[in-house]
Each structure stands twice: as structure tokens, then as C-alpha cells.
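What follows is a single structure, written as C-alpha cells, with notes after it.
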Amino acid sequence: MAGRRAMRPSGSSMRGVVARLAAARSPAVSFLVAAAAGAALVGGVYFWLVVSSFRLPDSRAVGCLPDGEGSWAIGMYYGKSPLELRPIELEGRSNGNSSAWPVANPVLTCATPTEGGYPSNFVADPFLYVQGDTLFLFFETKTVSTMQGDIGVARSLDQGATWEFLGIALDEAWHLSYPFVFKYENEIYMMPEGNKKKELRLYRATKFPLEWTLEKVLIDKPLIDSSLVQYDGLWWLFASDFTRHGIEKNAELEIWYSNSPLGPWSEHKQNPIYRSDKSLGARNGGRLFIFEGSLYRPGQDCSGTYGRKVKLYKIEKLTKEEYKEVPVNLGIEEAKKGRNAWNGMRYHHIDAQQLASGGWVAVMDGDRVPSGDSTRRSLFGYMGFLVAVALVTFVGFVKGAISCYIPPSFWVPLTRRSELSRILPVHRFNLKIRRYSTSIGRNISATKARLSEKTWSNTLFFCVIALIGIVNVCIAVHFLLGGNGAEEAYTHQGQHSQFTMVTMTYEARLWNLKLFVEHYSRCESVREIVVVWNKGNHPTSDAFDSTVPVRIRVEEINSLNNRFRGDPLIKTRAVLELDDDIMMTCSDVEKGFKVWREHPERMVGFYPRMIDGDPLQYRNERYARGKKGYNLILTGAAFMDSEFAFSKYWSQEAKEGRDYVHKNFNCEDLLMNFLYANASSSRTVEYVHPAWAIDTSKLSSVAISRDTQKHYDIRTKCLAKFASIYGPLPQKWLFGMREDGWDK
């Protein structure tokens with residue numbers, strides 16, 4: 001009993017511990033609550049300013065989920081030569097059903113099989129099969145339910161502008177990819193990669209394109225990304241085997257040859273052709289092709305990340321004993337928009353084939369994130385969170401808000417039964433720990449005392465700690481809540497498109513224009529930026545940091561009517577008229593473009609106004625909010641159909657209005673609204689609420705709206721003038737009518 005009683009802490013000791021905890025609880029809780037509130041405020045502001053502009057994963061989505069392998073998609077390319085291919089958006093292919101003028105890459109995404117009933121995280125490794133005027137596209141699709149690759153197939157009847165998902169062509173118990181499809185002796189075969197099975201299999205179509213049967217095992221080795229080509233009287237097989245001894249992954253290439261694609265196959269004398277250096281493009285990057293008598297091989301440059309880009313090689317010598325290839329230019333311009341481009345980070349596979357017309361068509365996959373990006377972002381996010389927590393704990397401890405008390409009895413042996421316990425290793429270890437903890441405690445106390453002094457150095461120290469904490473909170477929010485960090489374009493009816501930005505400016509605003517161009521040129525759907533130069537010495541196009549072409553259109557007369565002048569060089573139907581003193585996120589711009597594509601007969605913009613009263617009076621957005629609706633959209637930030645809007649503005653019926661605009665140097669946007677309303681009995685305007693927008697016009701000495709009251713008075717007179725000529729504006733449209741909430 002005595003031994004048992006000794007095991008319990010004494011009453012006085014327990015009371016002391018409880019008293020210390022009670023005394024520390026209140027300031028500790030208050031400090032932690034305050035720190036959490038501060039972190040939440042910082043994180044909330046950062047989320048609103050930065051993260052809210054990213055395309056965030058939909059928690060209700062069944063496909064297109066974040067995946068460590070990437071977010072691969074597939075694009076179409078055309079050209080007179082396989083060495084000079086251009087993306088589909090530069091070919092002027094359109095689809096009015098999806099308001100895609102033009103259709104833009106990517107043409108196939110994870111949404112394609114997902115909407116077809118087969119949820120997928122990405123699509124990659126595309127191979128074409130040309131059958132007359134019909135294109136069949138076979139590709140790897142990362143199935144959500146099994147988290148492995150299956151072979152999907154889609155069909156196009158318009159040479160790749162639109163695609164219909166047909167289903168899953170091949171599904172095995174192991175991962176499948178790289179579906180090399182070819183025809184031999186009137187049979188259609190598929191040779192997919194399935195290296196987990198440790199053999200290279202050949203399948204034959206029994207009912208093309210969805211039903212296949214195993215024909216035979218070609219090679220009993222786990223070959224990767226195998227491609228066939230018939231050349232100089234033999235069939236050649238190019239592949240990689242990463243199980244070879246001393247081989248660097250993604251850096252090995254070997255060749256096999258045979259008289260028939262059905263085998264038997266013999267190894268090339270020089271195998272392995274490559275065995276190290278992932279940047280050389282050893283791993284195949286698609287189908288080999290013959291052009292003007294020469295054989296070309298696409299390979300993957302895997303330096304930095306898997307599948308970083310496609311390299312093209314011209315094969316100068318290929319025999320059973322010798323092999324030589326030299327790099328040549330791929331002929332495809334690399335994306336410049338980083339994560340905001342569907343292939344901005346990597347592209348690792350291309351399949352180019354010649355059509356009966358003589359032209360060439362190609363499919364290529366691409367990704368906006370590097371390999372392992374989702375895992376890396378989670379790691380960085382949690383590290384930022386833990387560092388922020390550690391800093392809060394440190395500051396609380398130093399300031400005395402948080403205390404850590406360890407009772408001395410913790411280190412005392414729990415029994416007195418035997419004095420021999422004093423010589424046991426456990427007891428010696430306890431004494432050593434106690435000495436160390438006492439020493440650490442003294443040092444901590446001394447540090448707390450020094451940091452408690454009110455000196456400028458201590459103030460600076462805690463400011464630095466606070467700054468580091470703020471940075472880590474932002475890091476945590478950015479990487480944990482920011483999706484893949486891209487401001488992605490939205491699709492309409494499964495297709496992407498592009499628009500042209502038009503802005504009007506003067507010499508005095510050149511500094512502003514440069515910021516404008518640099519920012520908006522990175523938006524994914526922007527095709528070109530047209531600068532309407534109204535006055536002064538104009539710059540050259542190369543004066544701007546832009547990822548898209550910038551065209552300076554110099555006007556002879558300084559007039560606001562120039563904003564809507566017809567321009568035959570504009571290659572897109574959609575135009576975003578945007579003042580050069582307005583800055584908003586690319587994500588908001590992309591939302592506006594999607595809404596316009598849903599209703600291309602409307603003007604879709606970001607600045608609503610409610611025009612009413614007798615007589616009509618021009619008021620700000622606050623008035624529209626008070627009225628809970630709007631009937632006018634300012635064209636200083638609005639999408640419109642350039643073919644309709646520009647021709648309408650420069651029609652004979654609009655001449656009196658244009659003359660009034662030119663005379664008053666104001667109200668061109670109001671005139672456009674009256675012309676739209678006069679041309680249709682249906683709705684003509686729609687609003688999209690931006691996450692945030694910065695209007696720098698008040699900072700400019702040349703802005704016509706700098707004097708607000710004078711500006712409003714002029715516009716009120718414009719309303720009376722235009723109403724007398726063109727009739728009234730439409731009735732009010734309520735905010736918050738869209739299901740997605742973009743117009744609240």
C-alpha cells in the first residue's frame with residue numbers, strides 16, 4: 001500500500017499544478033484566439049486578392065480532380081508540312097453551336113470522357129486513326145474509379161474542330177497508355193503500353209473502334225511507349241526498357257526490327273541506343289513519320305520534370321547494325337502564358353499524319369502544371385501552416401501568454417521499493433534529462449528576459465517574426481486553397497475559344513498601357529491586343545512585354561468613335577473593349593467571356609448602371625445596387641460581337657449619335673447601349689461581378705471622368721439626346737439571376 005501511495009502525486013503538488021494551469025489558461029486562450037483571428041484576416045484578404053482569381057476545384061465534381069500526374073489535355077494542329085504546324089485557333093475553324101469563333105485548343109479535356117459517363121482526371125498520349133474524312137482519336141484517360149489509365153476513343157467529322165466521345169476502347173486490370181493504332185493487311189491493330197504486365201501486347205479490332213481482342217504478345221519485356229514504323233523494307237519498333245541494369249529512367253531508347261509487325265522481333269546491335277541524360281529525348285514522344293523521304297522520331301525531353309517538351313529527331317541512318325539521329329526544329333511555337341496556357345508547363349506527345357488532301361494534321365497533349373504538382377502544393381501549404389503555428393507559439397511563449405510547466409515530480413522515480421533503482425540506467429537517464437531540461441529552462445528564461453526589454457532591436461525582431469508569419473499564412477492559403485494556381489479559361493458546350501482585346505489610349509498614358517498589356521496578355525483566351533492610338537507619337541509593338549501579338553492602330557482623328565471602328569484584321573468575333581485604366585483578374589475576364597459565349601447577342605460587362613427617372617439621369621453603380629438591378633453596361637469593360645456591334649455603330653442610323661459623341665468627347669458607351677436596345681426586343685445586356693477591379697482613371701490627369709460631377713452632367717445630357725433619337729432603354733434586369741452567382 002505504501003508503494004502504491006507513493007505512485008500518486010501529493011495533494012499539494014496537484015493543487016500547485018492546477019493553480020498554475022488556471023492562471024495561464026485565460027491569457028493563453030486570449031492570445032491564441034487573437035492570433036487565429038489575425039491569421040484568418042490575413043488569409044482572407046490574400047484569398048480575396050489572389051486566390052479567388054484561380055480556377056478552384058469543384059467539390060461536387062466527379063471528374064477532373066487534382067491529380068499528381070497532372071491535368072493533361074489534347075490539342076489539334078494543322079499545316080502543309082509536319083514541320084510547320086499551327087494550332088487550330090490560328091486556322092480559323094469555327095463552331096457556331098458553341099459560339100466558338102474560332103475554336104481554340106485544347107479540343108479534348110478530362111471533361112470529355114467525364115461528361116460521357118466515364119469520369120476522368122486527364123487525357124493524354126493521343127493517337128489518330130484516319131478513315132476517309134473521319135478522324136478517330138485514341139488516348140489514355142485516367143479513370144477516377146480505378147485511378148489507372150484506360151484507352152478512350154473519340155470521333156470527329158469535321159477534321160478535328162469538334163469531337164464526340166464514343167467510349168472506352170480498352171480496359172484491363174492494369175494501367176494502359178500510349179495506344180499506338182495502325183493498319184496492317186486490312187486489319188486494325190492497337191499496341192498500347194501496359195508495362196505493369198511486363199510484356200508488350202498487340203490487340204486487333206473485332207468491331208472498330210470499341211471492341212478489341214488480344215492478338216498476341218509481341219515481346220516478353222516491359223517496354224514503354226512503343227512505336228512502330230515501316231521503313232526501308234523492314235518494320236522497326238522503338239521503345240524504352242527501364243528495367244535494364246544501369247539505366248537512368250526516361251533516358252533509355254532501344255530498337256527492334258522484323259519483317260512483319262506481328263514479329264518475331266530481333267534486337268538492334270547498338271541497344272540501348274541511349275542509356276542516360278533525360279534531356280536527350282530518348283523516350284518516345286509519339287508516332288514516327290516520313291516526310292519527303294526522311295524518317296523523323298519525336299522524343300520526350302524529361303529534364304526538370306517528366307514530359308517537359310517534345311524534341312524532334314531526323315534519323316540519318318537506320319540499319320540492323322547502325323543508328324544515327326540529329327535534332328531538328330519541331331516547328332511548333334511554345335506557349336508563353338505559363339500555367340494560364342493549357343500546355344504552358346509541358347507537352348510530351350505528338351502524332352502527325354498526312355491527309356488525303358496532302359495537308360497534315362496532328363494531335364498533341366499538354367499540361368499547365370509539372371509532374372507531382374498537387375502533391376508538392378499540399379506539402380508547401382502544410383509546411384507554411386506549421387511554420388505559422390510554430391511562430392505564434394514562440395511569440396506567445398516569449399511574451400508570457402503561453403507557459404509550459406513541468407512539475408519536478410515528473411522526473412522522480414515512481415517507486416521507493418528499492419534503493420537499487422538509483423543505480424539503474426533508467427534513473428541515470430532521468431537525472432540526465434532533468435539536468436538538460438533545467439539548463440534549457442535557464443536559457444529560455446534568459447531569452448525571455450532579454451526579449452521583454454523595450455528596445456528597438458526587440459521591436460524589429462518581433463516585426464520580422466510577424467512578417468514571416470504573415471508570409472507563411474499566405475503560403476498556406478495559396479497552396480492549400482489555390483487549386484493549381486492557374487486562371488483557366490472556361491468552356492462552353494465543351495469547347496474553348498478566343499477573343500481580341502481592344503483598348504483606346506494616348507501618348508500621355510503609355511506607362512499605364514504597358515502594365516495593361518503585360519497583365520492581360522497572360523489571360524488564356526486573349527488572342528491579340530489592339531491598341532487604338534488616338535493622339536501623340538505612337539510606340540512600336542515591341543515596346544510591350546506581351547505574350548500575344550500587340551497591334552497599334554493609329555487613328556487620324558482624335559475621337560471616341562474610333563473605339564468601335566470596324567477592323568478587318570481582327571480574327572475573332574468576340575471583342576473585349578477595355579479601358580486601359582481598369583485592372584481585374586484574368587479569371588474574371590474569362591468568366592465574362594464564357595457568359596458572352598452563352599449569349600453572343602448581348603453585351604456582357606463588368607460595370608452596370610441603372611438609367612431611369614424623368615428626365616433620365618446618369619448615376620453610379622451604387623444607385624443600381626440600391627435599385628437591385630440594371631439596364632445598361634458600360635463598354636469600358638464589356639464583351640460584344642464585333643461584327644454586329646461595329647457595323648451597327650457605324651451605320652447611317654447612328655450618324656447623329658456619333659456626331660454628338662465626337663462633339664462632346666463622351667458617351668460612346670451610352671450610344672452603343674441605345675443601338676443594341678433599339679435593334680432587339682430581347683435582353684441586350686448582362687452583368688458579371690468581378691472579384692475585384694482597380695480603376696486608375698482618378699489618378700490620371702487626362703481621364704475624361706476625373707471630374708466626376710462634370711462627367712455625370714455631360715452623360716445625363718447624352719441620355720436625353722439618345723433617347724429622343726433611338727427610343728428608351730430596356731427595363732431593369734435584376735442582380736443575382738444566374739445560378740452560378742457570377743452576377744451578384
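Quick reminder: no glycine exception, Cβ is built from N, Cα and C everywhere.
Residues or ranges marked as active site by Swiss-Prot: Asp669. Annotation source Swiss-Prot lists substrate binding site at Asn534, 558-563, 579-581, Arg609, 665-669, citing similarity to another entry. What Swiss-Prot records for Asp581 is Mn(2+) binding site. According to Swiss-Prot, the disulfide bond annotation covers Cys667-Cys718. Look at Swiss-Prot and you will find 31-51, 378-398, 460-480 tagged as transmembrane segment.
Feature map: annotations from Swiss-Prot on the structure.
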residue	record	DSSP class
Ser559	substrate binding site	coil
Asp580	substrate binding site	coil
Asn666	substrate binding site	coil
Cys718	disulfide bond	helix
(request) Please give the sequence-distant neighbours of the transmembrane segment (31-51): residues at least 6 beyond its ends with Cβ less than 8 Å from one of its Cβ atoms. (result) 388, 392, 395-396, 399, 401-402, 469-470, 473-474, 476-478, 481-482, 691-692
(request) Would you mind listing, in sequence order, the residues at least six apart from Glu668 (substrate binding site) in the same chain with a Cβ closer than 8 Å to its Cβ? (result) Leu560, Asn561, Arg563, Phe564, Thr635, Val661
(message) Please report the distance from the Cα of Cys718 (disulfide bond) to the Cα of Asn666 (substrate binding site), rounded to the nearest angstrom.
(response) 8
(message) If we skip the immediate neighbours and take only residues 6+ beyond the ends of the transmembrane segment (460-480), which ones have a Cβ under 8 Å from one of its Cβ atoms?
(response) 39, 42-43, 46-47, 50-51, 377-378, 380-385, 387-388, 391-392, 394-395, 451
(request) Based on Cα distances to Cys667 (disulfide bond), point out the closest of the binding-site residues Ser559, Asp581, Arg609. (result) Ser559
(request) Tally every other Cβ atom lying within 10 Å of the Cβ atom of Arg609 (substrate binding site). (result) 23
(message) Between Asp581 (Mn(2+) binding site) and Asn534 (substrate binding site), how many Å separate their Cα atoms?
(response) 15
(message) Measuring Cα to Cα, how far is Arg609 (substrate binding site) from Asp669 (active site) in Å?
(response) 12
(message) Suppose we draw a 10 Å sphere around the Cβ of Cys667 (disulfide bond). How many other Cβ atoms does it contain, all chains included?
(response) 24
(message) Let's check the environment of Arg563 (substrate binding site): how many other CB atoms sit within 10 Å of its CB?
(response) 22
(message) Let's check the environment of Asn666 (substrate binding site): how many other CB atoms sit within 10 Å of its CB?
(response) 19
(request) Across all the protein chains here, work out how many other Cβ atoms are within 10 Å of the Cβ of Asp580 (substrate binding site). (result) 23
(request) Quick one: of Asp581, Asp669, which of the recorded positions has the smallest count of other CB atoms within 10 A? (result) Asp581
